[in-house]
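Here is the structure we will look at.
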Amino acid sequence: MGTSSNHPPVGIIGGTGLTTLSGLELTGERPVNTPWGEPSSSLVEGLLGDQPVVFLSRHGNPHRIPPHQVNYRANLHALYEMGVRTVVGVNAVGGIHADMGPAHIVIPDQIIDYTWGRASTFFEGDLEETTHIDFTFPYSSEARALLIDAARAEGLPFSDFGVYGATQGPRLETAAEVLRLERDGCDLVGMTGMPEAALAAELKMNYVCLALVVNRAAGKSDHIITMEEIEAAIGQGMSGVRRILEISMGGLGALTARSS
Ligand SMILES: CSC[C@H]1O[C@H](OP(=O)(O)O)[C@H](O)[C@@H]1O
Ligand code: HPA
């Protein structure tokens, strides 16, 4: 067994195509419960290099929870209780920007939230005061820089910018909806980026999105979207995502908690 750094564990929330994290030297696995209910999966503890990691599968393992039914509050709270202060959310996305085709990696810098009806805050119920967190920059700039450096070092096809449009799902979008997202300034579309990012911010955790484009968004190619093309893009691109995680992990572990 390898030796562990003294850094707190980094949380990795794996999405479509990343239900388990190969390369993790396992140190434990436990089911947990939280005041917000059960997380999507048990929490898998291990080492990536010498960095402690806690891995959680957003859609469960096996993949069975649709995006609008993920218990995002339980997921983030469970990671927080394990000592995690920096979280990487790995997401499969549709590419809207012309340069963001299948197997392209994106480290986005902004979000627009189109989801509805999801439990999206920890600040509700019997409160002593209302709380409005700042969310100007939803992703940690330090964590983004580490992922960008790793993608560059590996020579992977990637973009260091992008607006993630979070839709409700579970259906994919219409072509007109994607045109609207594009007019709004979205470069990517996915179904799970929110409220995950906002809940991490409420807990003062650093949060960063590592997105793999698995299809061109609806209407942006000459064909409809198929699961076959999505699986092919995952097969082509997820190894790069894993490499970025491996390379950046020590730096992510060294980050201090979000200041605002
Ligand atoms: C057609 S795949 C859609 C599915 O994949 C993405 O999940 P995740 O962000 O967890 O990787 C997307 O948000 C949908 O849930
Ligand atoms: O085209 C998409 N739309 C929404 N979510 C997605 N997740 C992967 N591809 C897509």
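Backbone N, Cα and C atoms are what each Cβ position is placed from, and that goes for glycine too.
The domain 'Nucleoside phosphorylase' annotation in TrEMBL covers 9-238.
Here TrEMBL flags Thr16, Arg58, His59, Thr192 as phosphate binding site. According to DSSP, Arg58 (phosphate binding site) is assigned to coil rather than to any helix or strand. Within the same chain, residues at least six positions away from Arg58 (phosphate binding site) with a Cβ under 8 Å of its Cβ are Ile13, Gly14, Gly15, Ser40, Ile65, Val70, Asn75, Gly89, Thr192, Glu196.
Annotation comment: TrEMBL describes Glu173 (among others) as site 'Important for substrate specificity'. Secondary structure from DSSP puts Glu173 (site 'Important for substrate specificity') in coil.
Taking the Cβ of Ala217 (substrate binding site) as reference, residues of its chain lying under 8 Å away and at least six apart in sequence are, in sequence order, Gly94, Gly95, Ile96, Glu173, Val178, Leu181, Leu188, Val189. Among the features that TrEMBL reports, substrate binding site is placed at Met191, Asn215, Arg216, Ala217.
Long-range Cβ contacts of Met227 (site 'Important for substrate specificity') within its own chain (separation 6+, distance under 8 Å) are none. Annotation source TrEMBL lists site 'Important for substrate specificity' at Met227 (among others).
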According to DSSP, folded down to helix, strand and coil, what is Met227 (site 'Important for substrate specificity')?
-> helix
For the binding-site residues Thr16, Met191, work out the Cβ neighbour count at 10 Å and name the residue with the minimum.
-> Thr16
Quick one: of the recorded positions Glu173, Met191, Asn215, Met227, flag those whose CB is under 6 Å from ligand 1, and say none if nothing qualifies.
-> Met191
When you measure from each Cβ to the nearest atom of ligand 2, which of the recorded positions His59, Thr192, Asn215, Met227 fall under 6 angstroms?
-> Asn215
What is the separation, in Å, between the Cα atoms of Arg216 (substrate binding site) and Thr16 (phosphate binding site)?
-> 16
